[in-house]
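Peer 1: Let me begin by handing over the structure; questions about it come next.
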Amino acid sequence: MQTPRASPPRPALLLLLLLLGGAHGLFPEEPPPLSVAPRDYLNHYPVFVGSGPGRLTPAEGADDLNIQRVLRVNRTLFIGDRDNLYRVELEPPTSTELRYQRKLTWRSNPSDINVCRMKGKQEGECRNFVKVLLLRDESTLFVCGSNAFNPVCANYSIDTLQPVGDNISGMARCPYDPKHANVALFSDGMLFTATVTDFLAIDAVIYRSLGDRPTLRTVKHDSKWFKEPYFVHAVEWGSHVYFFFREIAMEFNYLEKVVVSRVARVCKNDVGGSPRVLEKQWTSFLKARLNCSVPGDSHFYFNVLQAVTGVVSLGGRPVVLAVFSTPSNSIPGSAVCAFDLTQVAAVFEGRFREQKSPESIWTPVPEDQVPRPRPGCCAAPGMQYNASSALPDDILNFVKTHPLMDEAVPSLGHAPWILRTLMRHQLTRVAVDVGAGPWGNQTVVFLGSEAGTVLKFLVRPNASTSGTSGLSVFLEEFETYRPDRCGRPGGGETGQRLLSLELDAASGGLLAAFPRCVVRVPVARCQQYSGCMKNCIGSQDPYCGWAPDGSCIFLSPGTRAAFEQDVSGASTSGLGDCTGLLRASLSEDRAGLVSVNLLVTSSVAAFVVGAVVSGFSVGWFVGLRERRELARRKDKEAILAHGAGEAVLSVSRLGERRAQGPGGRGGGGGGGAGVPPEALLAPLMQNGWAKATLLQGGPHDLDSGLLPTPEQTPLPQKRLPTPHPHPHALGPRAWDHGHPLLPASASSSLLLLAPARAPEQPPAPGEPTPDGRLYAARPGRASHGDFPLTPHASPDRRRVVSAPTGPLDPASAADGLPRPWSPPPTGSLRRPLGPHAPPAATLRRTHTFNSGEARPGDRHRGCHARPGTDLAHLLPYGGADRTAPPVP
């Protein structure tokens, strides 16, 4: 027996295998954390929920906290709440409760609240939310509140929270709506803010006020400067202030809405332009795009900026770390990229980008078209122009129309330092400790998610930057949100949203702020490794070390105690065996997340399998329809084809076969001549004739006149305008005028019973036949009373109207009354039978021909009407195939 050969693999299967094989390379698995802190540790973390001295909980009936801003000044924490400002001491550390020592109540006055309500705002929105909380000098706090959509600012003593001086307007310094983002900082005694300046939040602005320099702002309502920005952070470095934000990119307007991350800078000493151009506006404002992407043939970008750290020194370079995420309607993912401010400054010295017309794309500006001195530089004494107001108009006009740089700011290593795509909640907050460990030489990054989960990473900036796997180590994952103290029934995820993550390096803790509480969490939980040297050293945590007494201790900077530690990740196989490290990630087990590899593999497999199944299904259905059509054509050909020569017999010539014997004309033997016509007609009838019914009147009584031909088309129906003039016309009991009357020629389309043997020669008209019947010559067939055989639509077809149905009782014809199917006397529809003929069969007619008045010249078919059997019900007029479509 021959062994069957294996069928070659299908192309779809090969494509599926290739895609599945490449998915692992494109989406590498991210390592889980080396350890996960038990959730019961949360019960030991100190929390602030508004408690004051002498009370463990807030007063009964007091409003819940609605924290907006948190500021740490040395060992004091200032918390900006709704209508309140708290001063909390972080020393001495407590393990149960954080309480305020001072409280400032700052409510909106009733008039501001009434105006706010009149503008359509809710009562809960017409409050004073603290949105700006800054240290102005060593003894003064600068605080701004929304004040019921009428922002106001004030100075307060840092020790007593007593007001210092008068209140000032908060316009362009504080947002109207507490939900709007804003940033602010003091530099050289001047306040730099980024917010919106109007009630509708349309006019976004970077604003400088206070100090000894004039007030400046960005150009108003210019999409080249700002397009729906969301301000994230601001830092001071050198002679500039840098603002980090995200906005809709105008240079990608051909791609609909594209959100990109930006960094903009202004000169501290900018005094504005001339009275002709950019008066009281920035002359040094420039912006560039931040590039945080995964390299490859096609870069995968993280465009949504979430958080930025202050300027830190890594390897002697000024660096900021920024958290980026994907858009909310994209694959969830977050990345941490580092940016060197020297590279940022170099980009601002590069090429500009412009759009020559509203319909054109953005292109680089040739260097020969850039005026000198270079636009965007800081004019200062000793330079060609000692002030920005002295700059020529061409330079000022160029700055006004060309604020965007052509190149993007690259991230350090041209790749993210940390990449997480397995998190259900995106990373939105970041804190960095560049002096971690007993020697202060390690860098630890804390990343906070929307739900309060914190991820701790050990970053090695000097390591190879070829990939993210060797650059960072996922040390630990722990929770910071205490639902028993920070939550309330019906609070949902809004109350769990992480507002800020502040590092308190002096006490070795993190300050996690939520809308209703502030939790202080230790940066490490070394005690969970006590009793197991392998776990303590294998954790690679720079905050933990193995002590000689057999415990895992916390190592603060400058620790002099003896300990063992290994942050390089060396093998711990020689350190004994004990309970393994906790590796069950909270983000995987508790949140029930799915691996990106599994997600991509499942999506690709579902697409390929669905495409293959759909293709086979469509092909099968199309083939089935073709096979049915082919079988139908073959059946019709087999019915109409007969004889040796496969000659086609026209149904309109079946009447000629009556005159032929079994052998054809003259008794000749023609192929198929002996086939009775009813046998050929039966398959064509759509209503399923019974053979016995066909043959009950004789096998050769089918008349060619009773089969309509395709050339014939019925005429439209006609109503009877007046009673029929014939004395035997239909009386009052006849059909109404909406039903057609039978024409005289309709008798040629009715099947009548006859004896088994037809006469060889028809008798003369009016003479009796051998069986006692009178023979009447048929008139020529008229097209207005016949139907075509096929139901195909044509412009000349007429609608077929159903006539009233009912049994035809021939016995009642003698009373002279019209019947539901009584023919007009001018054109008898039946052949009169002999006196001894059998009674006619009961007929129920469901369709009729279009009717008209009796035509002149119609002759009676017999001397008098006699009952006969009507076989009209054998024709498929009642079937669906015989119903003509409406005339369009």
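Including glycine, each Cβ sits where the backbone N, Cα and C put it.
Note that the coordinates shown come from a computational prediction; the quantities given were computed from them, not determined experimentally.
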Peer 1: Going by Swiss-Prot, which one of Cys378, Cys486, Cys578 is joined to Cys532 by a disulfide bond?
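Peer 2: Answer per Swiss-Prot: Cys578.
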Peer 1: Which one is it, Cys267, Cys292, Cys486, Cys517, that Swiss-Prot ties to Cys378 with a disulfide?
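Peer 2: Recorded disulfide partner of Cys378 in Swiss-Prot: Cys267.
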Peer 1: Checking the recorded positions Asn386, Cys544, Cys552, which are within 10 Å of Cys378 (disulfide bond) at the Cα level?
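Peer 2: So the list reads Asn386.
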Peer 1: Counting distance between Cα atoms, which of the recorded positions Cys116, Cys126, Asn386 is nearest Cys536 (disulfide bond)?
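Peer 2: Minimum Cα distance from Cys536 (disulfide bond) across Cys116, Cys126, Asn386 lands on Cys126.
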Peer 1: List the Cα distance (Å, whole number) between Asn74 (N-linked glycosylation site) and Cys532 (disulfide bond).
Peer 2: 36
Peer 1: Measuring CB to CB from Cys126 (disulfide bond), give everything in the same chain under 8 Å that is also at least six residues away in sequence.
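Peer 2: Cys126 (disulfide bond) has long-range Cβ partners Ser108, Asp112, Ile113, Cys116, Arg117, Ala148, Phe149.
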Peer 1: To which of the glycosylation sites Asn74, Asn291, Asn441 does the lowest count of other Cβ atoms within 10 Å belong?
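Peer 2: Asn74, out of the glycosylation sites Asn74, Asn291, Asn441, has the fewest neighbouring Cβ atoms within 10 Å.
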Peer 1: Using a Cβ cut-off under 8 Å and a sequence separation of 6 or more, which residues in the same chain sit near Cys337 (disulfide bond)?
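Peer 2: Listed in sequence order: Leu290, Cys292, Phe302, Leu321, Ala322, Phe324, Ser411, Leu412, Pro416, Trp417.
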Peer 1: Within the topological domain 'Extracellular' (26-603) only, compute the mean pLDDT.
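Peer 2: 88, rounded to a whole number.
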Peer 1: Would you say which of the disulfide-bonded residues Cys116, Cys144, Cys486, Cys526 has the most Cβ atoms within 10 Å of its own Cβ?
Peer 2: Cys144
Peer 1: Say you check the Cα of Asn386 (N-linked glycosylation site) against those of the recorded positions Asn155, Asn441, Cys486, Cys526, Cys532; which is nearest?
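Peer 2: Nearest candidate: Asn155.
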